[in-house]
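Enquirer: As annotated by TrEMBL, signal peptide applies to 1-24. Taken from TrEMBL, the feature domain 'GOLD' covers 34-132. Here TrEMBL flags 190-209 as transmembrane segment.
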Amino acid sequence: MEMKAAVSCAGFLLLCVWLSPSKALYFHIGETEKQCFIEEIPDETMVIGKYRTQLWDKQAGSFLPSTPGLGMHVEIKDPDSKIILSRQYGSEGRFTFTSHIPGEHQICLHSNSTKMPLFAGGKLRVHLEIQVGEHANNYPEIAAKDKLTELQLRARQLLDQVEQIQKEQNYQRYREERFRMTSESTNQRVLWWSIAQTIILIITGIWQMRHLKSFFEAKKLV
């Protein structure tokens, strides 16, 4: 019973991680440095990104609470390396895009720090939060706009979650199909390479035998 409870608890934790509403992190970039992230996104899924920047103050020995005048350029590419968003934002910003192809999307950020004498070769801290799927919806705003009751809003959230789970499952099936096609292609290449090696060995053996036979006949040994 304890083992089953432990397995159930672990499964619940994994489910909570998989359905986590957002991914938040922070990172440091230097002058003219570009930082990119890979996010696996199903097709027809809305993604919202929020960020804010803090500039390192050498005199205070800490990061400034805000960075007025600093701009961040956001560039997003789909799995086919096609740019779907490329825009300049301020020191704090919010960007939104919708995926049309399932797969790995590249999200890149870099600053216009070269235009700021205050930067002077220092470092910049960027706080980034990415929300994917139904977690990107602003449900209080939706409830106020559509005049939904609490029960109706909860039903709307559940429907959106089911739809997102279906998209995730379709994406996993898409990945499995691509992996199967890659495996079959690799196996076929290995098979043909093995056949080619066998043919080369047979031809080489026949040539060596004929060469040795000609050598012995020339020496009148046979």
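Cβ coordinates are placed from backbone N, Cα and C, and glycine is handled just like the others.
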Enquirer: DSSP on the domain 'GOLD' (34-132): how many residues come out helix, how many strand, how many coil?
Expert: 3 helix, 61 strand, 35 coil
Enquirer: If I take every residue in the domain 'GOLD' (34-132) and average their pLDDT values, what number comes out?
Expert: 83
